[in-house]
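Since the structure comes first, as structure tokens, the remarks are kept for the end.
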Amino acid sequence: MPTTKCAVPLVSGAAGGGGSAELTRQLSSTQASPRFSFSSGVLPSLGSRGGGERHARLRRFIVSPYDRRYELWNNYLILLVVYSAWVTPFEFGFVPEPAGALAAADNAVNAFFAVDIVLTFFVAYTDPKTFLLQDDPRKIALRYITTWFVLDVVATIPTELARRILPPDLRSYGFFGILRLWRLHRVGILFARLEKDRKFSYFWVRCVKLVCVTLFAVHCSACFYYLLADRYPDPTNTWISAYMPNFHKASIWSRYVASMYWSITTLSTVGYGDMHAENTGEMVFTTTYMLFNLGLTAYIIGNMTNLVVHGTSRTRKFRDMIQAATSFAQRHQLPARLQEQMVSHLSLKFRTNSEGLHQQETFEALPKAIKSSISHHLFFGLVQNVYLFEGVSNDLIFQLVSEMNAEYFAPREDIILQNEAPADFYIIVSGSMELIELHNGIEQASVLTLAGMAKSGDVVGEIGVLCYRPQLFTARTRSLCQLLRLDRAAFLRIIQSNIADGTIVMNNLIQYLREKKEIASIVAVAKEIDDMLARGQMDFPITLCFAASKGDSFLLHQLLKRGLDPNESDHYGRTALHIAASNGNEQCVRLLLENGADSNSRDPEGRVPLWEALCRRHQTVVQLLVDAGADLSGGDAAPYARVAVEQNDAALLGEIVRHGGDVSGACSGDGTTALHRAVLDGNVQMARLLLEHGADADAEDVNGLTPRAVAEQGGHADMQLAFASATRHEPRKARPPPPASAIVPVPLRDGVDSSPSSSSRRGRTSSTSAASARSTPQRMANFRNSLFGVISSSHAFHHEGGYRGGGGGGGAAAERERSSSSPPLVRVAISCPESRGGKDHSSKLVFMPETLRGLLELGAARFGVSPTRVVTSGGADVDDARLVRDGDHLLLVTDKWVPPENRSRNQ
């Protein structure tokens, strides 16, 4: 049941429900007070029923001890306690019978405390067992009466009434007045609260408390000293008579100053000798006072020592750590460079902690939500611009930033060592680093190679972490660096829950590796990845758009063979054919068209592949697209002419017209045409060409202006002459696209398949077979533990019916294509050594059937032999069709067949 938000009143309302025996608690999570004091408020107990007790609605006329107005009342009483703390000992020692203004002030103060006694009967208290506010009036009264009620009442009795109650011999001592010092417990509670209040300095609160304790002790002692001298029968035999023989006639101020002087010299154990105890009573009191001073001095010195030591403890620990590190380095004879790195790192750590730059312990004590918000505020923009995370969702970046740790490193410090195990990678926030490649593990100037430099916003160590291989370089800081460290396990855990973003990260990494052609070690990693892609060992959603953007026709061919949708688009809405046409990659365009890519596909900006090829002068690609039925009418044809006008390209304008472009339509939202643009630019040549191709000189824009009117307003005489002399040409009609049935695949050039050449394929097959033979379990383990292995396994799980997360560009279309299409075709070379022809038997390239039985039946029909087994070229038996890969060479044999090497061995 929802409740309304309300503040706890000083005295709870009198409306309805009075007299209830039980505490009615209406709790709500919206009642949380922003003023809640963590030093005095009641914390809720654990469990679903434990929240909100401190915000309970109390009974009628019951005051919450945490109400702001009650706290102000207590703070006001503190001022009266300070008055009582000074006046009570003073009256006890110097004023036998208070009268006049002093007596009136005492009675006024007593009246305030009497009001507080009455109010206390209506103040709820915290139960020490349940830590809940108890608002039962009877329990409140019983608790108060059995604890501090008697002392509070006695301390409030007026002085005049107390003198009448006491016997005549004790009336002058004001014993009841001394009981008012009981109120000092309120000051102790105040200091305890201030010590926990973050608005006040703990150091100064403690200092003020110690000063107050010292002054109060000196003041009380001075008053007691004077009381002993004043009440002693022989005034000349007292401590004050040596300094002031007729002290009774001196002013009260002079007597008080003298008493304070002797009290403070005794407390400080100075003892100049001008004042000292004269009688037995003074000696006994002085002895007792000095014993008290021993404890008070120890208390003050101990507290001051703790305060001072606390401020210097960090420096002491730092010096001890530096000394220990230096001793360790010297004891084990470490190189000077390592010693310097150790000392620099420890010094930098001390400085960052002392200046509040890297309070790791404080940061770790915060809840995860607060830590994530802090990291997001500090580093989100930087991580968003890292090349590895270009194009990923903000959700992934937020998750990654939450797992990153900021660290400082001194100059010339090694962050990553070459060939060490990949555990973390780093993003540079500030500073710079150098990447060093060692030869044979020797660090000498003659064998060091500077592989590159890294600056703010760059990543180091990501290749080793993502590919799960030893680090390629040693990363060493050149200046003071602030780095973001990300653990490999945390990164892969996040990627597993964001497969679509993981694919983007993987593509970004592959693109980066391929661009770094000047570094041999990175080139080797890129080649290894390409080989694994070619062998089909990576089952993750690399898109056709990625392959087309890299111009990798072999990878594109492999992906198309797996059944990927040739019309899938990236996150910008561009298909692979758009990208291949824009890059002028004839081989990729041919492959896509052969596999059913739409030659007239349109991106969100209205561009078609033919336009991408035309505007970049890729004539061979243009011809391929035209032969496949492409034209410009499928896109936003009008803006094409405007581009030609702006570029002053008559040849491009002619191509636009020839391929079905529109030169007369509006090319922008304001209704302007390409002819408007030519007139505004004063380009008479382009205007004449447009008019020749059917542009309308009287087409109006949204303002009602025609190209002819614009020419007249601008006073372009040549332009007006062109309009006047131009004859009206009928617009050339765009060539209609051929029907779908008339579109045939692009013919093979010279009868050669447009997939990667057979020689190249054979070379790749042989090389990959050799590489596969050399593969070791360690390399396969590296692959499984790398980013590629994580994406592969996750993609396989999704493909088999597991969780289907969002894909990258065209992921949904590819998923539908995979679910509706048959398994990818596998081509194998088969031969039968037992057929006629002997060892010179010919091989035949066939599509692999779904079962081995089907393959044996196919071989029987081709070779005229009834084979019963399938073996590899190396003589290994094949028991399952799923073991066969594209490009394998298989032998179809009978049970009687013996491999040639075994036959020669038997002979």
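Glycine too: its Cβ is placed from the backbone N, Cα and C atoms.
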Would you confirm whether, in Swiss-Prot, Phe285 and Val645 belong to the same side of the membrane? no
As a test of reading the model: what is the averaged pLDDT for the repeat 'ANK 2' (572-601)? 89
DSSP on the topological domain 'Extracellular' (97-102): how many residues come out helix, how many strand, how many coil? 2 helix, 0 strand, 4 coil
Helix, strand and coil residue totals from DSSP for the topological domain 'Extracellular' (278-288) stand at 9 helix, 0 strand, 2 coil
